[in-house]
Amino acid sequence: MVIARGLLRSNASSSSSQAINLLKYVTSTGSLQGHTQNLCDASTRHFSSVPSPQSNSTEENGFKGHGMLAPFTAGWQSTDVHPLVIERSEGSYVYDIDGKKYLDSLAGLWCTALGGSEPRLAKAATEQLHKLPFYHSFWNRTTKPSLDLAKELLSMFTAREMGKVFFTNSGSEANDSQVKLVWYYNNALGRPDKKKFIARSKSYHGSTLISASLSGLPALHQKFDLPAPFVLHTDCPHYWRFHLPGETEEEFATRLANNLEELILKEGPETIAAFIAEPVMGAGGVIPPPKTYFEKVQAIVKKYDILFIADEVITAFGRLGTMFGSDMYNIKPDLVSMAKALSSAYVPIGAIMVSPEISDVIHSQSNKLGSFAHGFTYSGHPVACAVAIEALKIYQERNIPDHVKQISPRFQEGVKAFAGSPIVGEIRGVGLILGTEFADNKSPNDPFPAEWGVGAIFGAECQKRGMLVRVAGDNIMMSPPLIMTPDEVEELVSIYGDALKATEERVAELKSKKNN
């Protein structure tokens with residue numbers, strides 16, 4: 001009933017019949033993850049993440065009413081619901097404070113690529129903490145780990161030559177910094193009007209003021225007075241959802257590229273500074289690009305002297321079976337953002353790489369513009385850099401991208417075998433990243449009623465069986481640790497299938513009640 005109260009509170013604008021149906025549903029199943037979206041706002045529902053079911057912790061060791069203002073969490077949840085508290089990790093698994101074991105199918109937040117117990121990373125952090133726990137990188141002072149990491153990243157990225165690396169603490173900071181760097185670059189070239197950015201609907205580039213503006217998710221804009229006016233959004237390249245009848249993937253990609261060019265011409269090419277894209281869209285629902293998409297988009301932005309920013313925060317370091325997503329899709333970016341797997345998430349760190357053409361301008365024009373007055377106290381933190389250096393060594397020594405190539409076919413095929421389910425609209429993915437979208441009649445135009453919480457039902461069924469997934473409306477996302485074993489892949493597929501069957505049964509009950 002606690003969850004029901006919160007759900008009813010969050011959906012106060014819905015009809016009374018919807019509220020009654022929702023209350024009946026929650027009390028009858030006890031498994032619904034809180035749906036905080038307004039039932040009348042389909043776009044918000046589609047893009048908003050759903051919390052975990054209430055923890056089984058007792059009142060004594062629970063944390064209901066805790067003092068943390070939690071990210072991407074409705075305020076009432078912190079007060080009314082015990083959070084799921086994770087206490088330790090081991091390989092591809094995490095354990096809650098009650099000792100229950102979960103297969104972590106999202107690798108934390110797309111990030112613990114090497115699992116939760118890699119001793120070499122812990123050793124690297126410990127040794128650096130004893131040697132030099134902190135020093136900054138301002139005013140031409142820095143540390144050996146930051147210099148070594150920059151050198152290693154530049155050598156690892158082979159999609160094209162890159163010139164310099166700038167360190168941040170997260171992917172949000174990386175994309176935020178990209179905007180300031182590009183503005184600085186255009187000011188150095190005497191192009192003060194070339195300042196607009198084009199991103200894509202359903203993209204995710206972070207949650208700071210600027211990176212949230214770049215993101216194309218309504219939940220990141222609503223109630224925050226975003227996006228910023230210098231950010232434009234173009235089409236989402238989701239073929240299943242947005243293609244026209246009879247339109248092939250290549251034709252769809254051509255239409256989107258043409259739409260992008262029309263937007264550029266409408267705004268004026270002299271005002272557009274950069275285009276930013278994830279090689280595979282992550283938080284927007286795991287959306288791989290349609291065939292020829294990046295080939296056509298790159299040609300358009302190059303034609304109008306617009307920089308291409310590859311947001312590799314999720315796709316870098318083996319996730320797709322290549323070291324970088326740019327390798328997979330033949331992207332030749334001018335700038336690259338990365339974070340997450342850079343340290344396997346053991347220590348916060350992010351980075352951006354810039355092409356020689358951009359770094360040369362920053363160098364040559366520095367006497368005119370002065371210093372690049374941007375950075376963070378913890379930019380190039382020596383402990384974070386030491387851990388990241390060790391992570392990069394492991395990715396290469398163990399050939400993690402090749403391991404992903406070997407186990408990902410079973411991961412993809414095993415889950416996609418359930419695509420025939422009557423409640424599944426589409427299952428999509430590449431490498432070790434995969435999304436499931438629930439829909440009625442297998443049509444993107446027939447979503448299930450929001451108050452049913454189909455995605456939330458599936459997430460709760462997975463959690464009950466010992467697997468954590470990400471739920472966002474009726475989208476399910478999985479991005480497991482890159483070290484997964486074949487047996488763990490089989491476990492994932494098995495739990496997915498069992499949870500899907502239970503969800504199908506619940507949807508059938510809801511349909512029956514609706515029709516009676």
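Glycine is treated like the rest: Cβ placed from N, Cα and C.
Swiss-Prot lists 1-47 with the feature transit peptide, giving sequence analysis as the kind of evidence.
The region 'Disordered' annotation in Swiss-Prot covers 45-64.
Under the heading compositional bias 'Polar residues', Swiss-Prot lists 45-60.
Look at Swiss-Prot and you will find GLY171, SER172, ASP311 tagged as pyridoxal 5'-phosphate binding site, backed by similarity to another entry. Mapped onto three states, the DSSP output places ASP311 (pyridoxal 5'-phosphate binding site) in strand. Cβ neighbours of ASP311 (pyridoxal 5'-phosphate binding site) (same chain, under 8 Å, six or more residues apart in sequence): GLY171, ASN175, SER203, HIS205, ILE276, ALA277, GLU278, PRO279, SER337.
According to Swiss-Prot, the feature substrate binding site maps to TYR204, LYS340. The local packing around TYR204 (substrate binding site), expressed as other Cβ atoms within 10 Å of its Cβ over all shown chains, amounts to 27.
The DSSP secondary structure for LYS340 (substrate binding site) is helix. The N6-(pyridoxal phosphate)lysine annotation in Swiss-Prot covers LYS340.
Those same-chain residues not listed among GLY171, SER172, ASP311 yet with C-beta within 8 angstroms of the centroid of the pyridoxal 5'-phosphate site C-beta atoms are SER170, GLU173, ALA174, ASN175, TYR204, HIS205, GLY206, SER211, VAL313, SER337, ALA339, GLY350. Around SER172 (pyridoxal 5'-phosphate binding site), the same-chain residues six or more apart in sequence whose CB sits under 8 Å from its CB are HIS205, GLY206, SER207, THR208, SER211, ALA212, GLY350, listed in sequence order. When the record's pyridoxal 5'-phosphate-binding residues GLY171, SER172, ASP311 are compared pairwise by CA position, the greatest distance found is 10 Å.
For LYS340 (substrate binding site), the same-chain residues that are 6 or more apart in sequence and have a Cβ closer than 8 Å to its Cβ are LEU109, TRP110, CYS111, ALA113, GLY171, VAL313, ILE314, ALA316.
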